[in-house]
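Annotated features in Swiss-Prot:
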- His66, His68, His236, Asp311: Zn(2+) binding site (BINDING)
- His66, His68, His236, Asp311: Fe(3+) binding site (BINDING)
- Arg75, Tyr138, His171, Gln239, Ser316: 4-imidazolone-5-propanoate binding site (BINDING)
- Tyr138, Asn313, Gly315: N-formimidoyl-L-glutamate binding site (BINDING)
Amino acid sequence: MQRIENINAATMTDDKGYGLIQDATVIINKGKIEFVGAAFDAPATPTAEVIDGNGGLLTPGLIDCHTHLVWAGSRANEFAQRLHGASYQEIAEQGGGIKSTVKATREASAEELLTLALERAETLMSQGVTTIEVKSGYGLDLENERKQLTVARQLAEQLPVNIKTTLLAAHAVPPEFKDNADGYIEEIIQNILPTLANEGLVDAVDAFCESIGFSPAQTEKVFKTAKDLELPIKLHAEQITNQKGAKLAADYQALSADHLEQLDEEGVKAMAENGTVAVLLPGAFYFLRDTQKPPVELLRKHGVPMAIATDANPGSSPIHNLPLMLQMAATFFHMTPEECLRGVTVNAAKALGENQRGVIAEGCYADLALWSCKDAAELTYQFGVNPLKTLWFNGVAHDRVSKPWSAR
């Protein structure tokens with residue numbers, strides 16, 4: 001049993017704000033939160049280990065709810081191309097983009113992919129992240145999608161972090177199905193998806209519904225199969241063009257629709273009606289030098305929960321810093337500090353279907369982060385620094401500096 005004292009706790013349990021408790025005490029027992037409240041209300045725990053928070057800020061452990069963490073290769077050359085004027089879409093149409101990463105990832109061994117992914121995951125953890133969603137989508141066939149998802153599962157075996165896996169086989173058309181997207185969709189729904197689901201490798205299913213990806217009709221076939229397998233769905237939607245993907249996802253009760261720069265009010269309303277979370281990805285917006293912002297005001301108006309994630313990937317968001325995304329979301333998308341912190345805690349948990357994480361509440365997992373700052377707004381305000389002091393995974397404390405969670 002642990003007793004964390006002398007802290008301000010941002011519980012994230014109210015509707016819009018931080019749910020802040022000044023001079024709080026949190027009691028952890030058997031990996032879960034047994035008590036959270038004002039210090040003067042806390043029960044006696046004479047045998048507990050007492051941890052002095054030194055007046056710091058305690059938040060839920062951060063949740064990165066959209067990453068592509070398992071890949072090989074580099075896309076630095078495409079970064080240079082874009083600086084010379086090429087667009088993300090032009091590069092993709094010339095065989096670059098996702099397809100170049102597919103080639104490198106297929107050629108890499110599972111051991112090589114695990115080594116790369118461990119380093120990326122540890123970087124996120126060192127900044128306060130306790131849950132990471134990891135997508136496939138750089139294999140695009142049964143063998144290599146399995147390889148990616150297996151590596152994602154191995155991250156959770158070698159590190160204390162909570163991993164949620166998402167099958168993103170419908171990410172791009174692989175070379176063996178060139179000019180035959182419909183044929184590849186059939187391969188996904190007849191073989192890849194049911195096989196990997198039956199192997200227990202899939203927590204959710206995603207697709208890239210876009211002019212350079214898959215059509216709404218093709219995407220819907222994937223959704224129907226996922227629903228038949230009782231798997232939750234997510235969607236890359238409305239990043240480059242409006243394909244009405246967000247509405248389609250919402251109609252299938254998707255956990256989330258992600259990117260959303262081109263989202264319209266019809267899609268927002270559908271998301272609100274079906275409880276679909278809007279996952280905003282300011283790192284991709286920044287890196288691609290986009291100018292069309294997601295409709296944050298419409299999302300607010302209709303009460304759609306907004307989450308924030310890194311979209312960590314080699315092509316459009318080579319970023320492994322979730323706290324930086326708070327600052328970018330505030331600066332680029334005009335989100336408030338409260339919205340930003342909610343976006344990487346309670347709303348990010350909703351985007352993954354996690355109902356016992358993302359808040360500091362009795363009965364929930366003790367995934368917690370202690371920061372040296374006193375004001376919760378500082379986590380959004382400052383960037384380029386790391387105020388994390390201690391991280392708890394299921395009630396086990398880890399000091400950031402010593403990083404005793406390291407698998408290597």
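Glycine residues also receive a Cβ, built from the backbone N, Cα and C atoms like all the rest.
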Which binding-site residues sit within 10 Å of His68 (Zn(2+) binding site) - Cα, from Arg75, His171, Gln239, Asn313: Asn313
Spatial separation of Gln239 (4-imidazolone-5-propanoate binding site) from Asp311 (Zn(2+) binding site) - C-alpha basis, Å: 13
Whole-number Å value for how far Asn313 (N-formimidoyl-L-glutamate binding site) lies from Tyr138 (4-imidazolone-5-propanoate binding site) (Cα to Cα): 10
Candidate with sparsest Cβ neighbourhood (10 Å radius) among His66, His68, the listed binding-site residues: His68
Whole-number Å value for how far His66 (Zn(2+) binding site) lies from Ser316 (4-imidazolone-5-propanoate binding site) (Cα to Cα): 13
Among Arg75, His171 [binding-site residues], residue with fewest other Cβ within 10 Å: Arg75
Additional residues surrounding N-formimidoyl-L-glutamate, by Cβ distance to the Tyr138, Asn313, Gly315 centre under 8 Å: His68, Trp71, Arg75, Ile98, Thr101, Gly137, Pro314, Ser316
Alpha-carbon spacing, Asn313 (N-formimidoyl-L-glutamate binding site) to Arg75 (4-imidazolone-5-propanoate binding site), which is rounded to whole Å: 10
Shell of the Zn(2+) site beyond His66, His68, His236, Asp311, same chain only (C-beta within 8 angstroms of their C-beta centre): Thr67, Lys135, Asp258, His259, Leu281, Ala284, Ala309, Ala312, Asn313, Ser317
